[in-house]
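The structure appears below as structure tokens.
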Amino acid sequence: MRDPDPFVPRLFRVEEARRENADTTTLGLVPSHGEIPSFLPGQFFMLYAFGVAEIPVSVSGLSGTGRLLHTIRAVGAGSRALCRLRPGDFLGARGPYGSAWPLDRAEGDDLLLIAGGLGAAPIRSALLRALAERERYGRVVFLYGARGPTELLFRPELEGWQRRPDLEVQVTVDHAPPSWRGSVGVVPERIGHARFSPAHTTAFVCGPEVMMRFTASALLAAGVSSERIFLSMERNMKCALALCGRCQFGPAFVCREGPIFRYDRIARLLFLREI
Amino acid sequence: MSDPKIALAGHRFFSGIDPAIVETLAECAREVSFAAGEYLVREGEPADRFFLLEYGTVALELHRPGRDPLVLETIHEGEVVGTSWVVPPYRWSADARALDLVRAIAIDVRCLRGKSDSDPKLGYELLKRFLPLFVQRLEAVRLQLLDVYGKSPD
Ligand SMILES: Cc1cc2nc3c(=O)[nH]c(=O)nc-3n(C[C@H](O)[C@H](O)[C@H](O)COP(=O)(O)OP(=O)(O)OC[C@H]3O[C@@H](n4cnc5c(N)ncnc54)[C@H](O)[C@@H]3O)c2cc1C
Ligand code: FES
């Protein structure tokens, strides 16, 4: 028997489509045949909106009923078509691909999970895993920045997390109306206010690249080692199989060595132009 | 009211400061509190104080005619409200509103100026503490300006 063609997506059915904010939707998917593929937090799938486009999207978690969750922001043709899908619709998916958040390596450390904007999607899957195995870590801190209060993702869940005694949650927004009771300011500024022991901290960061650069600098300034900072990088992709070179990032392919990289291994590239 | 010397020495903004300087600062300090919704300062008024927050959150707001004010930044326990006193024209550049009950140490700047004119060590210490605050806020404003979470990061 021949191996299945790695470019051929599996058929998945949309079982839920939850609107997170004005332009972002979480889809709950199940395969039309067979098991849900196992994945590690931080990995991504190539999601195919039939006849439109195939795009990389991180797994944002697994629902209580075993649906594979993807949180998608409508920015262009592919993502818009995926956000328009409704329960009962189908899409194609192949994966999972890429590197994962090194949760095992972080065992025994304080865990600092830092998300900006849509970065909350891949961070969420790491957070859920860490909460499920809470005893493996010291303090667990979730720092989350968004543009404004109405743009926050996973809002009902966020409130639940904020009530947990074993998790410190800090949410901050760039701009807010006076009715907002929370913090206004940028994520790197909040790092100094979180409780963690820098020498024993592993940090996972996901967000726009500029935000990640500033955040990594603030983490280093706070005393976190560059070998314990991990960033999730985004590059356009086509094959996701390390064949086409579309996602090249210096000597690495983001679809294979990434998307999650150790900061000290990519710091130089982050400051290079034209990469 | 508790002793401002103890409160000052224990405040994060002045951590590690020379006790002799704390003595001097304490002569210009008093403990204050504000109920939720009260203003600590108003834009345009003379910047004759700064506040070391001990408890609560303060929003720095910009008043906009005919629209809701815009919250520029929130300031939390362990941080400082008020940098306008450092540079001319020594007037507040935003409103500062207590979001909840706020307790703080207020430092009278006129009192402090007199003392730092005659004690350069005090002036230098204050500069060393306030300068990083300016740089940090400038970087934060740049990041906010970039609107990194907008649709076109490029
Ligand atoms: C490993 C990885 C994981 C990802 N995870 C997610 C995820 O969980 N959720 C999600 O929504 N997206 C995620 N993305 C980004 C997503 O793949 C892109 O938004 C998508 O490819 C855009 O395709 P499109 O056809 O919708 O838009 P295109 O037509 O390709 O682009 C339309 C416009 O959107 C802009 N654009 C493209 N990508 C982005 C972006 N990332 N952010 C803002 N603007 C962009 C382009 O500059 C262009 O102006 C991930 C990307 C990678 C590489
Ligand atoms: S997407 Fe083709 S090499 Fe990575």
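Heads up, residue numbers simply count up from 1 along the chain you see.
Just so it is clear, glycine is given a Cβ too, placed from its N, Cα and C backbone atoms.
Here is what TrEMBL records for this protein:
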type	residues	note
BINDING	A:CYS239, A:CYS244, A:CYS247, A:CYS255	[2Fe-2S] cluster binding site
DOMAIN	A:7-103	domain 'FAD-binding FR-type'
By the count of other Cβ atoms within 10 Å, pick out the sparsest of the binding-site residues A:CYS247, A:CYS255.
A:CYS247
Counting Cβ atoms within 10 Å of each candidate's own Cβ, which of the binding-site residues A:CYS239, A:CYS244 comes out highest?
A:CYS239
Listed in sequence order, residues not in A:CYS239, A:CYS244, A:CYS247, A:CYS255 with Cβ within 8 Å of the centre of the [2Fe-2S] cluster site Cβ atoms:
A:MET237, A:LYS238, A:ALA240, A:LEU241, A:ALA242, A:LEU243, A:GLY245, A:ARG246, A:PHE253, A:VAL254, A:ARG256
Which value does the mean pLDDT take for the domain 'FAD-binding FR-type' (A:7-103) in this predicted structure?
95
Secondary structure tally of the domain 'FAD-binding FR-type' (A:7-103) (DSSP, helix then strand then coil):
7 helix, 48 strand, 42 coil
Which three-state DSSP class does A:CYS255 ([2Fe-2S] cluster binding site) fall into?
coil
